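Asker: Residues or ranges marked as active site, proton acceptor by Swiss-Prot: 390. According to Swiss-Prot, the ATP binding site annotation covers 277, 278, 279, 280, 281, 282, 283, 284, 285, 299, on the basis of similarity to another entry. Positions annotated as N-myristoyl glycine by Swiss-Prot, on the basis of similarity to another entry: 2. The feature S-palmitoyl cysteine is assigned by Swiss-Prot to 3, 6, with similarity to another entry given as support. The phosphothreonine annotation in Swiss-Prot covers 12. Per Swiss-Prot, the feature phosphoserine maps to 21, 26; the stated evidence is similarity to another entry. The phosphotyrosine annotation in Swiss-Prot covers 185, 420, 531.
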């Protein structure tokens, strides 16, 4: 079905590709490869680039009067005959404020203004109501972005994480943008065999000069939808036929609402503390709600922990850091007691998860994957020229599907408690801190790398305190003399060697987080081709 060209002669196997394979000598890790496409003008001030519509914004949409709609074509026709693309809801959404629109999956919208970035002003063609909608909940009607199986800019490793989630059968699949080839896509399929058990195979989808698509030149298609239909009916050389699109899960919002996008100092009265999750040296962490309808995590700081003015200044920077491996800062209450409002992670801290939760039963592949996620978040912090200063398992939060996110980045610099600022006081995390930072206050991204090496020991020992049997003073003295923790029980030598690399005395000899991410993501697959040639393709 939809096959434009089928050659009778037996097809040759697709060439193996080692896209993104580990290169330890250079620390290479493949990067994302955007796929710019050009769309016709629709006679409006601005329509987002459909291939990057989630990040669109900066210009307003001006829609002309006298509009009639066409559900079939996915456009609105103005009196002048120009078309305005309609958008369709990919998920249900419940309004959080009076400015938002509630809507259901499948509902169609006319976009009135996209100048608010992540929040677009829209009119529902179902209800006729106007309000703001989150832009990553919608896609242009009839576009590939509106397909259940299209995941856009999703990396190979994240594709594998999603496909290997519990409950997905063999043949679960998704299509994503190629990370290395402009205009191309990758098809990722969950497979199973006796040797490997559950695993994921990746196939390159290439683009023809005339706009078609193919995995093998013997079977070419006008659209990706036709390609998916073809391989849903037969394996035709793939590891198996395409059975069901991978479940996407709800997209993450980086703001509580359109109003808190820029004005994110919120009144204390808008927050409700519901369940205390933890109690630390400098405050408490609560599960709560904002506006009575949005679940959030709320960190409350003891008065005197840090200057409200300094905190607000740092929070301005923290709010701009947006990455799916960082806990998103939503809002703050900057008067003491300071409240920090972030996204809620339902499995709690990585430390508690490893010691007392589901993490106790995890095997090495899961633990290494969690380390890779932390490294990915830290690689972003590295690219942004930021420093965490307190990287350890207690400051990593865990969600469903073993998703890990980094919390409390940048806050350690602001703490004014004497027991902490002395750097060798009882409250200072000596065992995680690089010697140049503990002794001389030289905190850099390379001191974060040292801390990451300590975090690796926490992972493989399921939350054991580093340097067992040694107090803070002994640790500082011994590390200065060259002592490094030995290889933990059941830890592979290669992983311990990576820890030792993180603990080099000279900070500049320590690896980058980009290298650490690549090493850990490819830890179990570095010797295998990442893209499959297929059989009889």
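Using N, Cα and C of the backbone, Cβ positions are placed for all residues, glycine too.
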Asker: Quick one: of the recorded positions 277, 285, 390, which has its CA closest to the CA of residue 185 (phosphotyrosine)?
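Answerer: Of all the candidates listed, 390 is nearest in space.
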Asker: Using all protein chains in view, find how many other C-beta atoms are within 10 Å of the C-beta of residue 283 (ATP binding site).
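Answerer: That number is 19.
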Asker: Can you tell me how many other Cβ atoms are located within 10 Å of the Cβ belonging to residue 277 (ATP binding site)?
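Answerer: Taking every protein chain into account, the count is 19.
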Asker: Tell me the Cβ neighbour count for residue 285 (ATP binding site), meaning other Cβ atoms within 10 Å of its Cβ, over all protein chains shown.
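Answerer: Within a 10 Å radius of the Cβ of residue 285 (ATP binding site) lie 21 other Cβ atoms.
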Asker: Is residue 283 (ATP binding site) helix, strand or coil when read with DSSP?
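Answerer: Looking at the DSSP assignment, residue 283 (ATP binding site) belongs to a strand.
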Asker: If one looks at the chain holding residue 279 (ATP binding site), which residues at least 6 apart in sequence have a CB under 8 angstroms from its CB?
Answerer: 285
Asker: Check the DSSP secondary structure of residue 390 (active site, proton acceptor), expressed as helix, strand or coil.
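Answerer: DSSP call for residue 390 (active site, proton acceptor): coil, neither helix nor strand.
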Asker: I'd like the number of other C-beta atoms within 10 A of the C-beta of the residue listed as 'active site, proton acceptor', please.
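Answerer: The answer is 22.
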Asker: Return only the integer: C-alpha distance in Å from residue 283 (ATP binding site) to residue 390 (active site, proton acceptor).
Answerer: 16
Asker: Look up residue 185 (phosphotyrosine) in the DSSP assignment and report helix, strand or coil.
Answerer: strand
